[in-house]
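Step one of this worksheet: look at the structure below.
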Amino acid sequence: MLRLFVVCIVCLTLTSQSIQADRIIRRFNLAAQSGPSQGSPAGGRRLLTASNEPSSGQEELITNTWVVVLKRGAAQDVAAATARLVQHVRLARAALPRAAAAGAAAASSSSSDEESDFSVIGSLQRPPNQAPQAGAAAAAAAAAGPGASSGSSSGSVRGLVVKAAAHVAQQLRSADDVAYVFADRVMSSQVEGLAGDTPDAAAAAAAAAAAATADQAAATGAVEPPLASTARRTSCVGAAALSQGSITSRALNPNFKWPGCYTPRARLVWMASRCGDMSDIQYTAVLALNRTTGAVLRLRGQDCILRFDSSKPVWSQQRFGGCGTAATWAPDLPTATCGATSASAAASCLPVPADPAAAVTADVRLSSEIKCGSGTASRLHYSGIRCGPDNAFVQWRSATGPGGCVVLNPVPASSQGSGLGSNGVDRFQRFANDVFGSCGVPPGKAEPVPSAILCADPKPPQDPKPQPSPNPDPQTLEPSPSPSPSPNPAAPTAYSGPRLPRVPVAAGELVPAGLSRIEAVTAQGVASTAGLPTGQQVVVGVIDSGVEATHPDITYAGGRSWLDANASTGAEDAPDTDAYGHGTHVAGIITALNSNADPAVESVVGISPGTPVFSLKILDAKGRGAMSNMLAAVQWVMAEGLAQGIRVINLSLAAYVNPGSPDYQAVFDAVCGVMKDANDAGIFVAVAAGNYGDDIKGYFPAACPTVVAVTAMDPAGNEPASFSNFLQADSSDADKARVVAAPGVNIKSTTSYTRDASGYKVLSGTSQATPHVAAIAANCILSGACTGKTGLDNLATILAAAQLRAASTVSGSPQYGFSGDASSTINGKYRGLLVWSAF
């Protein structure tokens, strides 16, 4: 076995990371192609939408595959560092007791196809001029000569991708040359209803989910909320139901397991509290009740109660969802309260004490006796505190019975409804819900149900025609929705900087809804890059599932792949093919020609027609790939792609990493280190915020501070897309300055003929929103308006134009933006300004 190590190292040293290293990398087969890692459900982390695939909220690791990031000194000679790592592992094994060493050897042998402790299957930050090229870009590079590359072999993140057993990875962590080691992750496209679907599967799944929601509404007396309500609401319930234990799921995911508690004799009920602007619901607990008696079941002396746990965001998302967001594993649970959330529209309300510091009081009758002092009582005098937005709601804290007996709310005010608490809080949660409710939620046992809303609405009157502000206030909770623009509005004059010329849209071309919404197409037409000198052209790198080079609407500049040709798994390495269809859809939003390319079908026009796209293929035929390959692709752009004109990268993909994971900081440092290098090199990196209705903090690369995170909005509803991730509204100004919104619902674009015989398809996702921003960045650079040294410098130019458009009151031009954008943040979710195609 030692001889094999020596042969491996000698080979790697002689090649000095040359083409042989590239071939090693191209032999990399994702472990996910042969099955998910042990402990990860098939399909990995799925979208929070109806799908015919299992829904999972767990991060997905690639089996026995690790990213080993080297310290800066060791990274200067990766081959020598690799030799030292092999020696380190060998010595670590020799130092083990004989029995442990034998076990480690057996584990290593059983977990790898190689007869060695680990094998190098990839690298990060290869030197320039060592990757194959294709297409027009290859010809241009050859004509320019070998010295044309502006890339640099030095970078902040250099290292290896290795195949090894877990115990070997642990040994590598202690090596002197190693900065950190983390498990490689699966990256997934951020599109809804595409992976593995037949054309009608997603629609059928959505219909089934809608039917389940209707059943839930009928069972609980729920009614549909008004159209202007929060986007993710599927049905609503009365506020009293939140504490009565009447909310159940009829579409519980089979993955929901609760041994000993969730049995045939159990009925699961969810408890919830109000959240956000108090019209939304946050589930905080699920109880297993005896179907006959209604009592909480017990297991080994403990009540069968699960509580929302903010330290386990994925686990909690599966079972409880988020504020206004359905649980992944119980998608039919209502997510909003029916009726008014302020006294101005409430049917009944509580009088406001004259003294703002005084308690709110009410007399309440309960449906059954409770213990009070040494006796029992059912009629109580309640005392509560103000809570919620503008202190317009009530949270009951104590009750006094006959004879002066006192009953106290056992759940601290700071914990009630927050999803946090110790086992002691868990133990008394059912009692608190029954007797006291929560903020804005009346007690579950109250008869009749008292209001938990104050009569006086302390909110100041709203200006009937609020004007958007260039400096948005993230705390605005009740926006006035903006009207949708006309299909071809006149181009506003708020922006007076450089622009590309516009030409009329060709006859027969369809203008997708997204282009109209951001005014990429106006009465003056669409941007034209015709006549620009070759040296002024900008190429957009699409890191995705490939791009169909033969599509008549696509301007293909060449490609590079990090996949293997493997017919048995459906993966194919050619960057100019796209079995999944996703990369071609992204490319069309950017580049689709303004020429009615295929008169036989209704073709589309792109935001930057004719701008070349370069395919950087890392996703397979199911829309899945490796995080390490994504990093290698971005580094390749810095080393090789800049010389081929790539100034913009589109990443319509994401991987979830639990912020509580031991790997989180290492992943953050590696991924965000590479993204910082790209930004500093002048590359505009547009990435999908993610489709999980969640904070972007756990989603990479969107969590990185130097990328442009793109959220999705619905151009038809003029509201946030229900699936889109977001940034917390209390985030720093620097974080907000890199978040922007774009259309991402029902976007028609090109696709591969493998995916759809027509070559076109309508899709939704932050995957579709992202190329809108990437295309505008390309136009901004092409026009001469974006001349910044970094990608974020150019984003600042784009956002400045969007702010001008949002504040514009040009005659005949509709109000810009959407309900829930940066000027009208809803429920503490910051989604950014709507991008504007000004250039």
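Placement of Cβ uses the backbone N, Cα and C atoms for every residue, glycine included.
Automatic prediction, not curation, is the source of TrEMBL annotations.
Per TrEMBL, these features apply:
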- Asp544: active site, charge relay system (ACT_SITE)
- His582: active site, charge relay system (ACT_SITE)
- Ser767: active site, charge relay system (ACT_SITE)
- 33-44: compositional bias 'Low complexity' (COMPBIAS)
- 458-473: compositional bias 'Pro residues' (COMPBIAS)
- 480-490: compositional bias 'Pro residues' (COMPBIAS)
- 535-779: domain 'Peptidase S8/S53' (DOMAIN)
- 33-56: region 'Disordered' (REGION)
- 105-138: region 'Disordered' (REGION)
- 449-500: region 'Disordered' (REGION)
- 1-21: signal peptide (SIGNAL)
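There are 33 other Cβ atoms within 10 Å of the Cβ belonging to Ser767 (active site, charge relay system). Taking a C-beta cut-off of under 8 angstroms and a sequence separation of 6 or more, Asp544 (active site, charge relay system) has the following same-chain neighbours: Ser189, His582, Gly583, Val586, Ala587, Ser615, Leu616, Lys617, Ile618, Leu619, Asn650, Ser652, Leu653. Here the Cβ of His582 (active site, charge relay system) has 31 other Cβ atoms within 10 Å, regardless of which shown protein chain they belong to. Mean per-residue pLDDT, taken over the domain 'Peptidase S8/S53' (535-779), amounts to 92.
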